[in-house]
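Feature annotations, reproduced from TrEMBL:
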- A:23-250: domain 'Cytochrome b/b6 N-terminal region profile' (DOMAIN)
- A:51-75: transmembrane segment (TRANSMEM)
- A:120-141: transmembrane segment (TRANSMEM)
- A:153-173: transmembrane segment (TRANSMEM)
- A:219-243: transmembrane segment (TRANSMEM)
- A:251-447: domain 'Cytochrome b/b6 C-terminal region profile' (DOMAIN)
- A:276-296: transmembrane segment (TRANSMEM)
- A:344-365: transmembrane segment (TRANSMEM)
- A:385-404: transmembrane segment (TRANSMEM)
- A:424-441: transmembrane segment (TRANSMEM)
- A:547-576: region 'Disordered' (REGION)
Amino acid sequence: MSTAHDTTTAGAAAEPTTRVGKAADYLDQRTSIGVAVKEFARKVFPDHWSFMLGEIALFSFVALLISGVFLTMFFEPSMALTEYHGEHPASAHGQTMSVAYASTLEMSFEVRGGLLMRQIHHWSALIFMAAIVVHMMRVFFTGAFRKPRELNWLVGFTLLILGMAAGFSGYSLPDDVLSGNGLRITDGVVKSIPVIGSYMSYMIFGGEFPGEHIIPRLFTVHILIVPALIVALIALHLFLMVLHKHTQFPGGGRTDKNVVGYPALPVYVAKMTGNFFIVFGVLALMGATMAINNVWNYGPYDPSPVSAGAQPDWYMLFLEGSLRLMPGQGTEWEIFGYTLSWNILVPAVIVPGILFTFLIVYPFVEARVTGDKREHHVLDRPRNVPVRTALGVAFLADFILLAAAGSNDLIATHFGMSINQITWVFRILFFVLPVVAFVVTKRICLGLQRKDRELVLHGNESGRVVRYANGEYVEVHTPLDDQERWLRVNYDSPAPLEVEPKMDARGVKRKGYGADKRWQRLSRFFYEDRVEPVTPAEFAAAHAHGDHEAIEAGGRQAMPAAVGTGRTDGTDSQEH
Amino acid sequence: MKALAARRHHRLAPVVLLLMALLVTGGVYAALAPTEAQAETVSTEDIETGKKLFQANCATCHGPNAEGTEGVPSLVGVGAAAVDFQVSTGRMPMQANGPQAMAKPPQFGPEQTAALAAYVSSLGPGPAIPTDEQVDAELGDAANGAALFRTNCAMCHNAIGAGGALSEGKFAPALFDTSERNIYQAMQTGPQSMPVFNDANITPDEKRDIIAFLVEQRDGSAGGASLGSLGPVSEGVWAWAVGLGLLIGAAVWIGAKSS
């Protein structure tokens, strides 16, 4: 690529001399690819390790595709019954099982490299989902979903859901007891949907559970529909990323109108290639050394047995936990001969519904309550948007709590606790923990913002104590350098929305006043408590000896006294 | 006349026939009936030693004659197998009251355990300690054992016997380190929360199949480190801690490399 780039830019007059150069010239004369190479090679990307989290997801998806193609060569998606006669494992000799399960065993024990590929595929799936979640957290907490990227956030959200769908459909294919248990729960969840539930269940399974159709159907979903959609949406996701240009972290010289970083070629091409091989290496290492989903442990599917420790893969664990926490008594109602199963509907439909709705609407709600229609290309530091950060942490806390609840039996055995008590503690924490997480996070953010103000106004404590001629002792403060100061003063701290009065000039009630009022209330929730960045006037005042206290008293009523007064002694004698 | 004579039999013939039928029935019964397997003959000396040990170590709770006290079961009729299981795994004598008696290093040696077993089985007939042949994993069929384990045991002990939780702090222990004899005895006597799987429910041969299946699991997983054989939760923990941990570490490293 490098040579191609060089030769095309060298001009038409100079004939390429090297072999690569000639090949590149041949290609360029027929496709004009040099234009694209030039454009992309010079495209500037900002530098930060957290921008590589999405790459990890992308590269594990590539690993999924490659290993998945291999597995497709040997897997037979059939629920027909067969008797197993492979040599390994001994616990399957002569057992009756579905062809799908038998082909999974043969793939693992007879096909060279088959087990390795299966394990790489499964580990890649877990890492794919984990990387998506971590990437999403980065985007959320830094506000990278703001205009113009709201739609790309939705594309990313859809990829998360598709990743879950891919994981779930793949998990069910081997037709072992564990995956069958998962399908049975799905069947129950579908049946809990009022009125249409039982019809939908019959439609999905082609009759009463488990039927004879579900494995072939899931196979089509798993190897055709979902991957095709994921590939298409990844393409769209990346296209939009290039179109919008990548966001950058705040810092000196970085604005919403520029991108500070390095050109794609050679810097990011090298970094991405390196990351690609590292991802593949780690996945191969995991597949080679750590057993995952040993389906022969669980045995061929039979609807009667359920083993202890039956759980879904981690990204579905929050649903399992939500089901485990829901009390059963009194939550199943019978109305006119129809059963309404709140015990399934609430944990398996409503709880994930709340989480997913939050993820979908959040960018739009935040833009609305901020009254913000500008484009943003510089990321927020999480502390500078305390309520967003706190909401994210609250939802994350409950997500993790539910995953822990889904593992309550393992927590009980491994920490010697009573499963009943764990369940009750989790039931209470489900409501209490998000509130506590919200309040604590918001306080920490506001505290960090105040600390930033403090640093900008007064600098760092140097530890050097000076005694003046008049006997006064003071500690010398070192002022921040320009880069550090830029980082701490260049952020927005929007005030809650202002609403036009209820009556217009003629005393007529204004239409839409009620809605405006509600938005204002939500806006107050977001921005009532805030810490304004230091203004140039405040900064100048703080650095002009002696008279800055007047400014602090007059200009910063919103600030708690602790920020200004506690350090007054030190700043008075700050050296510049 | 000759034909008539041939048909006529002695008047005692029905009696003889009846006796012979009884003899055959009795013989077949004797051959096929379940025997009280008393593998080793126990001497009265053993029983005496056992009684002394019992009175010194067990009688506080189980009563001076093993008749049981309030909340503590009687040991009359539990058999040698139950005593051997409880004492050789260290569960008895119990160290402390808790959700269930915990396994710990045994307090008595094999001879003392045998004496205790002899004493308790002398109080009333019960299941005997299985023979070595009965618990020999080599003779069992792991595939049949797997199927039996799945339907009878896995809901508490996990799919391959890694253990699982029960209510109120009780648990079904992992079976990876349990001896073959103890596994058999547990099925036979149903210690603590475990149900009894008697010989009509799971035959001795089937018990041996289950043992064969469990012993097979001790070779580890074909896929590498078994991660505790706990299923998707431990896999998820490892995916995050090792997999994503390494990858994020690498990303930080690549990001920190000056461009």
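The backbone N, Cα and C atoms fix where each Cβ goes, and this holds for glycine too.
A TrEMBL annotation is a machine prediction, not a hand-curated record.
Sequence-distant contacts of the transmembrane segment (A:219-243) (same chain, at least 6 residues past either end, Cβ-Cβ under 8 Å): 43, 58, 61, 65, 68, 72, 75, 77, 149, 151-152, 155-156, 158-159, 162-163, 165-166, 169-170, 173. Long-range Cβ contacts of the transmembrane segment (A:120-141) within its own chain (Cβ-Cβ under 8 Å, at least 6 residues beyond either end) map to 50, 53-54, 56-57, 60-61, 63-64, 67-68, 71, 153, 156-157, 159-160, 163-164, 166-167, 170, 279, 282-284, 286-287, 290, 292-293, 313-315, 359, 362, 382, 388-389, 392, 396. Under 8 Å from some Cβ of the transmembrane segment (A:153-173) lie the Cβ atoms of residues 64, 75, 77, 100, 104, 121, 125, 128-129, 132-133, 135-136, 139, 145, 179-180, 182-183, 186, 214-215, 218-219, 221-222, 226-227, 229-230, 233-234, 236-237, 240, 293, 312-313, 315-316, 356, 359-360, 363, all in the same chain and six or more residues away from its ends. Panel annotation: around the transmembrane segment (A:51-75), residues 45, 100, 103-104, 106-107, 111, 113-114, 117-118, 120-121, 124-125, 127-128, 131-132, 134-135, 138, 166, 173, 219, 223, 227, 230, 234, 246, 271-272, 275-276, 279-280, 283 of the same chain, lying at least six beyond its termini, place a Cβ under 8 Å from a Cβ of the stretch.
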